[in-house]
Amino acid sequence: MNRTVFFVSESTGITAETLGHSLLSQFDTIDFEQVYMPYINTDLRAKALTQRMQEAADRDGVRPIVFATMLNNEIREILESGNCYYVELFEGFVEPLSRELGVPPSRKSGRSHAITKPSYYTKRIEAINFAMANDDGIRPDNFHRADVVLIGVSRSGKTPTCLYLAMHYGLRSANYPVTEEDFERGDVPQLVWDCRHKLFALTIDPQRLQLIREERRPGSSYASLARCQDDIRMAAQIYKRLQIPVLNTTSQSIEEISSHIIKALRGSGEH
């Protein structure tokens, strides 16, 4: 079953996207066609969007879902009048919270990031830069500066997890790909061993890994099931030798994987 979903906001749309994704993740039997519509901040843009909603309804045979964070009543009414199932993610909470706090809301869009301390914002930017500069084992000599180091076979989810940890937690995250060279010697370089206390392994079911690799290199030996099975098996032997935590990414979201890592780091006193 296919369903079109619009993420709509007067500002960047990050809040609508984040909350909407959390809700949609509970319905994994449906394929969602996701459309991002930030800066819908005029009547004209809102009316144009209702036309797109109608087109989606005509195409899919069912009305689209709209996740929105609209504080402008006029624009919200235009969107609600469209052929859609409208989910307002702010308004149901703003008024009750206003009554509890005893002050009126500012009704300004794009304010969800304003409460973040500048120092934390800077930390996240630095962490993102670190993750990008230390992706795919480019600089193992920098691992000692990392808060966390992920290890895993190619396409096991290392890079997106590192970026998520950087963006949402401000963690300096690096990763190291386990390669044929490591398999041949049955071990990883000393620089990886040196950071074993902050090392996490990512594994994945061979069948799932094959599908992911097939998208990248169709018909290649790299994407064959036999190669995927061998890579996972030999990597598991290395993880056992290192005696590090192993997280299976097959059926877990990046958010779930990251939460496990954060919990482990806090339990160890690293963060």
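Here the Cβ of each residue, glycine as well, is placed from N, Cα and C on the backbone.
As written in Swiss-Prot, here are the features:
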BINDING   Gly152, Val153, Ser154, Arg155, Ser156, Gly157, Lys158, Thr159  ADP binding site
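Recorded features from Swiss-Prot, shown on the structure.
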| residue | record | contacts (Cβ under 8 Å, 6+ apart) |
| --- | --- | --- |
| Gly152 | ADP binding site | Lys158, Asn175, Pro177, Val178, Ala201, Leu202, Thr203, Ile204, Ala235 |
| Val153 | ADP binding site | Pro177, Val178, Thr203, Ile204, Leu209, Asp231, Ile232, Ala235 |
| Ser154 | ADP binding site | Pro177, Thr179, Arg213, Tyr222, Asp231 |
| Arg155 | ADP binding site | Ile204, Leu209, Ile212, Arg213, Arg216 |
| Ser156 | ADP binding site | Leu202, Thr203, Ile204, Leu209, Thr249 |
| Gly157 | ADP binding site | Leu202, Ile204, Thr249, Ile254, Ile257 |
| Thr159 | ADP binding site | Asp135, Asp136, Asn175 |
Once the DSSP letters are reduced so that anything not helix or strand counts as coil, what is Gly152 (ADP binding site)?
strand
May I have the list of same-chain residues other than Gly152, Val153, Ser154, Arg155, Ser156, Gly157, Lys158, Thr159 whose Cβ is within 8 Å of the Cβ centroid of the recorded ADP site, in sequence order?
Asn175, Pro177, Leu202, Ile204, Thr249
